[in-house]
(Lines of atoms letter the chains of each structure in order from A; the text may use other names.)
(Lines give C-alpha, C1' and ligand atoms only; values in the text may rest on other atoms or scores of the structure.)
Protein backbone atom coordinates (compact mmCIF):
# COMPACT_ATOMS: atom_id res chain seq x y z
CA UNK A 1 0.00 0.00 0.00
CA UNK A 2 1.22 3.48 -0.79
CA UNK A 3 1.43 5.99 2.05
CA UNK A 4 4.00 6.72 4.73
CA UNK A 5 4.88 6.59 8.42
CA UNK A 6 4.90 10.05 10.02
CA UNK A 7 6.85 10.81 13.21
CA UNK A 8 5.65 13.50 15.62
CA UNK A 9 7.89 14.93 18.35
CA UNK A 10 6.93 16.77 21.54
CA UNK A 11 9.43 17.48 24.28
CA UNK A 12 11.76 14.69 23.21
CA UNK A 13 8.96 12.11 23.00
CA UNK A 14 8.07 10.59 19.64
CA UNK A 15 5.00 8.87 18.29
CA UNK A 16 4.02 7.75 14.80
CA UNK A 17 0.99 6.88 12.71
CA UNK A 18 0.40 5.21 9.36
CA UNK A 19 -0.93 7.38 6.57
CA UNK A 20 -3.35 5.73 4.16
CA UNK A 21 -3.07 6.41 0.41
CA UNK A 22 -4.45 9.86 -0.40
CA UNK A 23 -6.72 10.50 -3.37
CA UNK A 24 -7.09 14.24 -3.96
CA UNK A 25 -10.08 15.68 -5.85
CA UNK A 26 -9.22 18.85 -7.81
CA UNK A 27 -10.82 21.04 -10.45
CA UNK A 28 -11.88 24.59 -11.14
CA UNK A 29 -14.70 26.05 -9.01
CA UNK A 30 -18.25 24.75 -9.29
CA UNK A 31 -17.63 21.60 -11.38
CA UNK A 32 -19.12 19.28 -8.74
CA UNK A 33 -16.06 18.23 -6.73
CA UNK A 34 -17.85 18.25 -3.38
CA UNK A 35 -20.87 16.44 -4.82
CA UNK A 36 -18.55 13.73 -6.16
CA UNK A 37 -16.72 13.60 -2.81
CA UNK A 38 -20.03 13.07 -1.01
CA UNK A 39 -21.06 10.43 -3.57
CA UNK A 40 -17.85 8.41 -3.06
CA UNK A 41 -18.13 8.81 0.69
CA UNK A 42 -21.72 7.60 0.66
CA UNK A 43 -23.07 10.49 2.72
CA UNK A 44 -23.13 14.29 2.81
CA UNK A 45 -19.84 15.49 4.26
CA UNK A 46 -18.70 18.50 2.22
CA UNK A 47 -20.99 21.51 2.02
CA UNK A 48 -22.37 21.90 -1.50
CA UNK A 49 -23.83 25.08 -2.95
CA UNK A 50 -24.33 26.84 -6.26
CA UNK A 51 -22.09 29.57 -4.87
CA UNK A 52 -18.58 29.30 -6.28
CA UNK A 53 -15.80 28.70 -3.75
CA UNK A 54 -17.85 27.27 -0.88
CA UNK A 55 -15.17 24.69 0.04
CA UNK A 56 -12.17 26.36 1.68
CA UNK A 57 -10.45 23.71 3.76
CA UNK A 58 -9.24 20.50 2.18
CA UNK A 59 -11.74 18.07 3.68
CA UNK A 60 -10.38 14.57 4.35
CA UNK A 61 -12.28 11.40 5.18
CA UNK A 62 -11.36 7.73 5.39
CA UNK A 63 -13.49 5.78 2.94
CA UNK A 64 -13.72 2.13 1.90
CA UNK A 65 -13.79 1.78 -1.90
CA UNK A 66 -14.50 -1.78 -3.06
CA UNK A 67 -13.05 -3.12 0.20
CA UNK A 68 -9.91 -0.96 0.38
CA UNK A 69 -9.33 1.92 2.85
CA UNK A 70 -7.97 5.27 1.66
CA UNK A 71 -8.04 8.96 2.48
CA UNK A 72 -10.28 10.97 0.16
CA UNK A 73 -9.54 14.72 -0.03
CA UNK A 74 -11.95 17.38 -1.31
CA UNK A 75 -10.10 20.59 -2.21
CA UNK A 76 -11.29 24.12 -2.92
CA UNK A 77 -11.95 25.38 -6.44
CA UNK A 78 -8.57 25.27 -8.16
CA UNK A 79 -7.17 28.06 -10.30
CA UNK A 80 -3.54 28.42 -11.34
CA UNK A 81 -1.94 31.30 -9.42
CA UNK A 82 -0.35 34.07 -11.48
CA UNK A 83 0.75 37.65 -10.95
CA UNK A 84 -2.46 38.81 -12.60
CA UNK A 85 -4.39 37.13 -9.79
CA UNK A 86 -2.11 38.42 -7.04
CA UNK A 87 -4.72 40.97 -5.96
CA UNK A 88 -6.96 38.21 -4.59
CA UNK A 89 -7.67 38.17 -0.85
CA UNK A 90 -5.04 36.69 1.44
CA UNK A 91 -7.42 33.92 2.51
CA UNK A 92 -7.85 32.83 -1.13
CA UNK A 93 -4.08 32.64 -1.54
CA UNK A 94 -3.91 30.38 1.53
CA UNK A 95 -6.62 28.20 0.01
CA UNK A 96 -4.65 27.82 -3.23
CA UNK A 97 -1.43 27.02 -1.39
CA UNK A 98 -3.23 24.32 0.55
CA UNK A 99 -4.56 22.80 -2.68
CA UNK A 100 -1.05 22.84 -4.20
CA UNK A 101 0.31 21.00 -1.14
CA UNK A 102 -2.48 18.43 -1.33
CA UNK A 103 -1.60 17.73 -4.97
CA UNK A 104 2.09 17.31 -4.15
CA UNK A 105 1.29 14.78 -1.39
CA UNK A 106 -1.31 12.83 -3.40
CA UNK A 107 -0.99 9.18 -4.36
CA UNK A 108 -3.69 9.74 -6.98
CA UNK A 109 -5.29 12.89 -8.34
CA UNK A 110 -8.92 12.94 -9.44
CA UNK A 111 -9.45 15.87 -11.83
CA UNK A 112 -13.12 16.82 -12.12
CA UNK A 113 -14.19 18.51 -15.37
CA UNK A 114 -17.57 20.00 -16.25
CA UNK A 115 -19.29 18.04 -19.02
CA UNK A 116 -21.69 20.89 -19.78
CA UNK A 117 -19.07 23.46 -20.70
CA UNK A 118 -15.33 23.79 -21.22
CA UNK A 119 -13.31 26.70 -19.87
CA UNK A 120 -9.92 28.27 -20.42
CA UNK A 121 -9.34 27.64 -16.71
CA UNK A 122 -9.60 23.89 -17.38
CA UNK A 123 -6.66 24.09 -19.75
CA UNK A 124 -4.59 26.03 -17.18
CA UNK A 125 -5.30 23.42 -14.52
CA UNK A 126 -4.52 20.54 -16.90
CA UNK A 127 -1.19 22.07 -17.87
CA UNK A 128 -0.33 22.59 -14.19
CA UNK A 129 -1.03 18.89 -13.54
CA UNK A 130 1.21 17.61 -16.37
CA UNK A 131 4.08 16.71 -13.97
CA UNK A 132 1.64 14.46 -12.08
CA UNK A 133 0.23 12.80 -15.21
CA UNK A 134 0.96 9.24 -14.00
CA UNK A 135 -1.25 9.80 -10.94
CA UNK A 136 -4.09 11.49 -12.80
CA UNK A 137 -7.67 10.31 -13.40
CA UNK A 138 -9.99 12.63 -15.34
CA UNK A 139 -13.68 12.47 -14.39
CA UNK A 140 -16.01 14.39 -16.70
CA UNK A 141 -18.96 15.27 -14.46
CA UNK A 142 -22.55 16.30 -15.29
CA UNK A 143 -22.76 13.87 -18.24
CA UNK A 144 -26.37 12.85 -17.67
CA UNK A 145 -27.09 13.52 -21.36
CA UNK A 146 -24.48 11.12 -22.77
CA UNK A 147 -20.76 10.63 -23.40
CA UNK A 148 -20.24 12.85 -26.42
CA UNK A 149 -18.27 15.27 -24.20
CA UNK A 150 -15.73 12.47 -23.79
CA UNK A 151 -14.32 13.35 -27.20
CA UNK A 152 -13.94 17.04 -26.32
CA UNK A 153 -11.55 16.23 -23.48
CA UNK A 154 -9.86 13.23 -25.14
CA UNK A 155 -7.51 15.57 -27.01
CA UNK A 156 -5.57 16.19 -23.78
CA UNK A 157 -4.35 12.58 -23.79
CA UNK A 158 -5.57 11.44 -20.36
CA UNK A 159 -4.58 7.84 -19.67
CA UNK A 160 -7.85 7.39 -17.74
CA UNK A 161 -10.95 9.38 -18.72
CA UNK A 162 -14.35 8.49 -17.27
CA UNK A 163 -17.72 10.21 -17.77
CA UNK A 164 -19.76 10.35 -14.56
CA UNK A 165 -22.74 12.01 -12.93
CA UNK A 166 -21.98 12.75 -9.29
CA UNK A 167 -25.55 13.94 -8.79
CA UNK A 168 -27.17 10.71 -10.04
CA UNK A 169 -24.40 8.16 -9.40
CA UNK A 170 -23.76 7.32 -13.04
CA UNK A 171 -20.50 5.37 -13.70
CA UNK A 172 -19.31 5.71 -10.08
CA UNK A 173 -18.42 1.99 -9.99
CA UNK A 174 -16.01 2.42 -12.91
CA UNK A 175 -14.50 5.46 -11.22
CA UNK A 176 -13.95 3.53 -7.98
CA UNK A 177 -12.16 0.74 -9.86
CA UNK A 178 -9.86 3.29 -11.51
CA UNK A 179 -9.09 4.95 -8.17
CA UNK A 180 -7.95 1.79 -6.36
CA UNK A 181 -6.00 0.41 -9.33
CA UNK A 182 -2.29 -0.04 -8.40
CA UNK A 183 -2.80 1.48 -4.91
CA UNK A 184 -3.20 -1.76 -2.97
CA UNK A 185 -2.19 -5.38 -2.77
CA UNK A 186 -4.96 -7.98 -2.40
CA UNK A 187 -4.27 -8.64 1.30
CA UNK A 188 -4.97 -5.01 2.23
CA UNK A 189 -8.73 -5.32 1.70
CA UNK A 190 -10.44 -4.69 5.03
CA UNK A 191 -13.27 -2.92 6.83
CA UNK A 192 -13.06 0.36 8.71
CA UNK A 193 -12.26 -0.03 12.41
CA UNK A 194 -15.25 0.73 14.64
CA UNK A 195 -14.49 0.24 18.32
CA UNK A 196 -10.71 0.49 18.59
CA UNK A 197 -10.37 4.21 17.87
CA UNK A 198 -10.68 7.34 19.99
CA UNK A 199 -12.95 9.90 18.34
CA UNK A 200 -11.95 13.45 19.25
CA UNK A 201 -13.36 16.86 18.37
CA UNK A 202 -11.49 20.15 18.68
CA UNK A 203 -14.14 22.68 19.70
CA UNK A 204 -14.19 26.32 20.74
CA UNK A 205 -14.99 29.87 19.73
CA UNK A 206 -13.50 31.30 16.52
CA UNK A 207 -9.82 32.22 16.37
CA UNK A 208 -8.71 30.35 19.49
CA UNK A 209 -6.19 28.15 17.64
CA UNK A 210 -8.25 25.06 16.77
CA UNK A 211 -6.87 24.77 13.25
CA UNK A 212 -3.31 25.48 14.40
CA UNK A 213 -3.62 22.58 16.85
CA UNK A 214 -5.02 20.33 14.13
CA UNK A 215 -2.15 21.21 11.81
CA UNK A 216 0.42 20.58 14.54
CA UNK A 217 -1.01 17.12 15.19
CA UNK A 218 -1.09 16.28 11.47
CA UNK A 219 2.31 17.89 10.79
CA UNK A 220 0.95 19.42 7.59
CA UNK A 221 -1.66 22.04 6.70
CA UNK A 222 -5.06 20.36 6.78
CA UNK A 223 -6.93 23.35 8.23
CA UNK A 224 -6.50 26.94 7.07
CA UNK A 225 -4.96 29.27 9.65
CA UNK A 226 -5.73 32.98 9.41
CA UNK A 227 -6.24 35.89 11.82
CA UNK A 228 -9.75 36.31 10.43
CA UNK A 229 -12.35 34.47 12.51
CA UNK A 230 -14.52 31.89 10.78
CA UNK A 231 -11.90 30.57 8.34
CA UNK A 232 -12.80 26.91 8.90
CA UNK A 233 -16.19 26.05 7.37
CA UNK A 234 -16.26 22.26 7.18
CA UNK A 235 -15.36 19.70 9.81
CA UNK A 236 -11.78 18.65 8.97
CA UNK A 237 -10.63 15.19 10.11
CA UNK A 238 -7.27 13.48 10.51
CA UNK A 239 -5.73 10.32 11.99
CA UNK A 240 -3.01 10.07 14.65
CA UNK A 241 -1.60 7.12 16.62
CA UNK A 242 -0.35 7.77 20.16
CA UNK A 243 0.84 5.00 22.48
CA UNK A 244 -1.52 2.08 21.79
CA UNK A 245 -4.42 4.32 20.75
CA UNK A 246 -5.62 5.39 17.32
CA UNK A 247 -7.23 8.83 17.18
CA UNK A 248 -9.68 10.24 14.66
CA UNK A 249 -9.57 14.00 15.24
CA UNK A 250 -12.13 16.51 13.94
CA UNK A 251 -11.39 20.25 13.70
CA UNK A 252 -14.72 22.06 13.79
CA UNK A 253 -15.83 25.53 12.73
CA UNK A 254 -15.64 28.15 15.47
CA UNK A 255 -19.03 28.51 17.19
CA UNK A 256 -20.16 32.12 17.42
CA UNK A 257 -23.23 33.74 18.92
CA UNK A 258 -26.29 33.06 16.80
CA UNK A 259 -26.84 36.73 15.93
CA UNK A 260 -23.29 36.91 14.54
CA UNK A 261 -23.78 34.01 12.10
CA UNK A 262 -24.70 35.89 8.93
CA UNK A 263 -24.10 33.62 5.93
CA UNK A 264 -26.26 30.55 5.34
CA UNK A 265 -23.08 28.59 4.61
CA UNK A 266 -21.57 29.61 7.96
CA UNK A 267 -24.85 28.72 9.70
CA UNK A 268 -24.66 25.23 8.19
CA UNK A 269 -21.01 24.96 9.30
CA UNK A 270 -21.91 25.83 12.91
CA UNK A 271 -24.77 23.30 12.91
CA UNK A 272 -22.32 20.66 11.68
CA UNK A 273 -19.77 21.61 14.34
CA UNK A 274 -22.42 21.07 17.04
CA UNK A 275 -23.74 17.86 15.45
CA UNK A 276 -20.23 16.33 15.39
CA UNK A 277 -20.54 16.13 19.18
CA UNK A 278 -22.92 13.21 18.64
CA UNK A 279 -20.16 11.21 16.93
CA UNK A 280 -17.17 11.67 19.28
CA UNK A 281 -16.01 10.34 22.65
CA UNK A 282 -13.86 13.23 23.88
CA UNK A 283 -13.79 16.98 23.25
CA UNK A 284 -10.66 19.11 23.33
CA UNK A 285 -12.21 22.44 24.30
CA UNK A 286 -9.73 25.13 23.34
CA UNK A 287 -9.65 28.69 24.66
CA UNK A 288 -7.23 31.58 24.37
CA UNK A 289 -5.30 31.48 27.66
CA UNK A 290 -5.11 35.28 27.65
CA UNK A 291 -8.90 35.59 27.81
CA UNK A 292 -11.43 34.51 30.38
CA UNK A 293 -14.40 32.26 29.76
CA UNK A 294 -17.33 34.05 28.13
CA UNK A 295 -21.05 33.30 28.22
CA UNK A 296 -20.64 31.78 24.76
CA UNK A 297 -18.01 29.38 26.13
CA UNK A 298 -20.47 28.34 28.84
CA UNK A 299 -23.22 27.72 26.28
CA UNK A 300 -20.95 25.58 24.09
CA UNK A 301 -19.68 23.59 27.07
CA UNK A 302 -23.27 23.01 28.20
CA UNK A 303 -23.93 21.33 24.83
CA UNK A 304 -20.93 19.06 25.51
CA UNK A 305 -22.04 18.38 29.09
CA UNK A 306 -25.52 17.29 27.98
CA UNK A 307 -23.91 14.48 25.97
CA UNK A 308 -21.74 13.26 28.89
CA UNK A 309 -18.59 13.39 26.77
CA UNK A 310 -15.06 13.35 28.05
CA UNK A 311 -13.63 16.89 28.06
CA UNK A 312 -10.19 18.46 28.34
CA UNK A 313 -9.84 22.24 28.63
CA UNK A 314 -6.82 23.40 26.62
CA UNK A 315 -5.47 26.84 27.56
CA UNK A 316 -3.91 27.69 24.22
CA UNK A 317 -1.32 30.37 23.33
CA UNK A 318 0.45 29.69 26.63
CA UNK A 319 3.69 30.72 24.92
CA UNK A 320 2.40 34.31 24.88
CA UNK A 321 2.08 34.41 28.68
CA UNK A 322 4.65 34.58 31.44
CA UNK A 323 4.08 30.96 32.42
CA UNK A 324 4.48 30.11 36.12
CA UNK A 325 3.07 27.66 38.63
CA UNK A 326 0.98 30.39 40.25
CA UNK A 327 -0.45 31.47 36.90
CA UNK A 328 -1.41 27.89 36.03
CA UNK A 329 -3.12 27.57 39.42
CA UNK A 330 -5.02 30.83 38.84
CA UNK A 331 -6.18 29.78 35.38
CA UNK A 332 -7.37 26.44 36.75
CA UNK A 333 -9.33 28.30 39.45
CA UNK A 334 -10.91 30.41 36.72
CA UNK A 335 -12.05 27.22 35.00
CA UNK A 336 -13.52 25.86 38.24
CA UNK A 337 -15.35 29.15 38.79
CA UNK A 338 -16.81 29.17 35.28
CA UNK A 339 -17.75 25.48 35.26
CA UNK A 340 -18.29 24.51 38.90
CA UNK A 341 -20.12 21.24 38.19
CA UNK A 342 -17.28 20.14 35.89
CA UNK A 343 -14.49 20.39 38.45
CA UNK A 344 -13.28 16.93 37.38
CA UNK A 345 -12.26 18.13 33.88
CA UNK A 346 -8.46 18.22 33.27
CA UNK A 347 -6.99 21.64 32.42
CA UNK A 348 -3.82 21.63 30.29
CA UNK A 349 -1.80 24.73 29.25
CA UNK A 350 -0.66 24.27 25.64
CA UNK A 351 0.77 26.09 22.67
CA UNK A 352 -0.58 24.74 19.39
CA UNK A 353 2.08 26.83 17.64
CA UNK A 354 5.15 25.43 19.44
CA UNK A 355 3.79 22.07 20.60
CA UNK A 356 4.21 22.87 24.29
CA UNK A 357 1.91 20.67 26.39
CA UNK A 358 0.47 18.70 23.45
CA UNK A 359 1.94 15.41 24.68
CA UNK A 360 0.42 16.07 28.12
CA UNK A 361 -2.95 16.67 26.48
CA UNK A 362 -2.73 13.41 24.52
CA UNK A 363 -1.81 11.50 27.68
CA UNK A 364 -4.97 12.99 29.25
CA UNK A 365 -6.97 11.79 26.25
CA UNK A 366 -5.66 8.24 26.75
CA UNK A 367 -6.52 8.34 30.45
CA UNK A 368 -10.04 9.63 29.80
CA UNK A 369 -10.68 7.10 27.04
CA UNK A 370 -9.63 4.24 29.34
CA UNK A 371 -12.01 5.55 32.02
CA UNK A 372 -14.85 5.90 29.51
CA UNK A 373 -14.44 2.19 28.73
CA UNK A 374 -14.39 1.06 32.37
CA UNK A 375 -16.81 -1.72 33.33
CA UNK A 376 -17.50 -2.19 37.05
CA UNK A 377 -18.85 -5.47 38.40
CA UNK A 378 -22.31 -5.18 39.97
CA UNK A 379 -21.09 -6.83 43.20
CA UNK A 380 -18.31 -4.24 43.56
CA UNK A 381 -20.76 -1.42 42.87
CA UNK A 382 -23.15 -2.51 45.59
CA UNK A 383 -20.39 -3.06 48.13
CA UNK A 384 -19.32 0.52 47.45
CA UNK A 385 -22.93 1.77 47.59
CA UNK A 386 -23.35 0.23 51.05
CA UNK A 387 -20.23 2.06 52.28
CA UNK A 388 -21.40 5.38 50.82
CA UNK A 389 -24.86 5.12 52.38
CA UNK A 390 -23.35 4.14 55.75
CA UNK A 391 -20.98 7.13 55.76
CA UNK A 392 -23.58 9.59 54.49
CA UNK A 393 -27.21 8.36 54.53
CA UNK A 394 -29.83 9.99 52.27
CA UNK A 395 -31.56 12.95 53.94
CA UNK A 396 -34.86 12.09 55.66
CA UNK A 397 -36.38 15.53 55.28
CA UNK A 398 -38.99 14.21 52.83
CA UNK A 399 -39.41 10.74 54.35
CA UNK A 400 -37.43 7.50 54.51
CA UNK A 401 -35.38 6.77 51.37
CA UNK A 402 -33.91 3.33 50.75
CA UNK A 403 -31.27 2.83 48.06
CA UNK A 404 -31.68 -0.75 46.84
CA UNK A 405 -28.95 -1.52 44.31
CA UNK A 406 -26.72 0.01 41.66
CA UNK A 407 -25.85 -1.32 38.18
CA UNK A 408 -23.79 -0.03 35.27
CA UNK A 409 -25.75 0.22 32.03
CA UNK A 410 -23.26 1.66 29.50
CA UNK A 411 -19.74 2.78 28.63
CA UNK A 412 -18.76 5.70 26.35
CA UNK A 413 -20.54 7.46 28.00
CA UNK A 414 -20.48 5.93 31.47
CA UNK A 415 -23.98 5.54 32.95
CA UNK A 416 -25.23 3.92 36.14
CA UNK A 417 -28.77 3.02 37.18
CA UNK A 418 -29.74 3.26 40.86
CA UNK A 419 -32.93 1.65 42.16
CA UNK A 420 -34.64 3.27 45.16
CA UNK A 421 -38.01 3.12 46.88
CA UNK A 422 -38.65 6.86 46.46
CA UNK A 423 -36.55 8.36 43.64
CA UNK A 424 -38.46 11.64 43.78
CA UNK A 425 -37.41 12.17 47.43
CA UNK A 426 -33.67 12.12 46.69
CA UNK A 427 -32.36 15.73 46.55
CA UNK A 428 -30.03 16.92 43.81
CA UNK A 429 -27.12 17.50 46.19
CA UNK A 430 -27.23 13.84 47.26
CA UNK A 431 -27.19 12.72 43.63
CA UNK A 432 -24.05 14.86 43.15
CA UNK A 433 -22.55 13.24 46.26
CA UNK A 434 -23.08 9.78 44.75
CA UNK A 435 -21.65 10.87 41.39
CA UNK A 436 -18.55 12.26 43.09
CA UNK A 437 -18.04 9.07 45.12
CA UNK A 438 -18.40 6.96 41.97
CA UNK A 439 -15.70 9.06 40.32
CA UNK A 440 -13.37 9.09 43.32
CA UNK A 441 -13.72 5.47 44.49
CA UNK A 442 -14.03 3.67 41.15
CA UNK A 443 -11.16 5.31 39.25
CA UNK A 444 -13.35 7.57 37.09
CA UNK A 445 -11.98 10.87 38.38
CA UNK A 446 -11.62 12.65 34.99
CA UNK A 447 -14.95 11.91 33.29
CA UNK A 448 -18.64 12.76 33.65
CA UNK A 449 -20.80 10.11 35.30
CA UNK A 450 -24.49 9.89 34.47
CA UNK A 451 -26.61 8.54 37.32
CA UNK A 452 -30.25 7.70 36.64
CA UNK A 453 -32.52 6.84 39.57
CA UNK A 454 -35.50 4.59 39.06
CA UNK A 455 -38.21 3.29 41.38
CA UNK A 456 -37.63 -0.23 42.64
CA UNK A 457 -40.61 -2.46 41.89
CA UNK A 458 -41.30 -5.08 44.55
CA UNK A 459 -42.01 -8.62 43.42
CA UNK A 460 -45.36 -10.00 44.52
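For all residues, glycine too, the Cβ spot is worked out from N, Cα and C.
In Swiss-Prot this protein carries:
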type	residues	note
DOMAIN	21-187	domain 'EngA-type G 1'
BINDING	27-34, 74-78, 141-144	GTP 1 binding site
DOMAIN	198-373	domain 'EngA-type G 2'
BINDING	204-211, 251-255, 316-319	GTP 2 binding site
DOMAIN	374-457	domain 'KH-like'
Composition by DSSP (helix, strand, coil) of residues within the domain 'KH-like' (374-457): 31 helix, 20 strand, 33 coil
Neighbour-count leader, CB within 10 A, binding-site residues: 78, 318: 78
Rounded distance in angstrom between the Cα atoms of residue 75 (GTP 1 binding site) and residue 252 (GTP 2 binding site): 17
Rounded Cα-Cα span from residue 252 (GTP 2 binding site) to residue 78 (GTP 1 binding site), Å: 23
Conformational class of residue 210 (GTP 2 binding site) under the three-state DSSP mapping: helix
Neighbourhood of residue 27 (GTP 1 binding site) by C-beta distance under 8 A, where only residues 6 or more apart in the same chain count: 33, 77, 78, 111, 112, 113, 114, 125
Neighbour tally for residue 30 (GTP 1 binding site), based on other Cβ positions within 10 Å of its Cβ: 15
Cα-Cα distance linking residue 252 (GTP 2 binding site) and residue 30 (GTP 1 binding site), given in Å to the nearest integer: 23
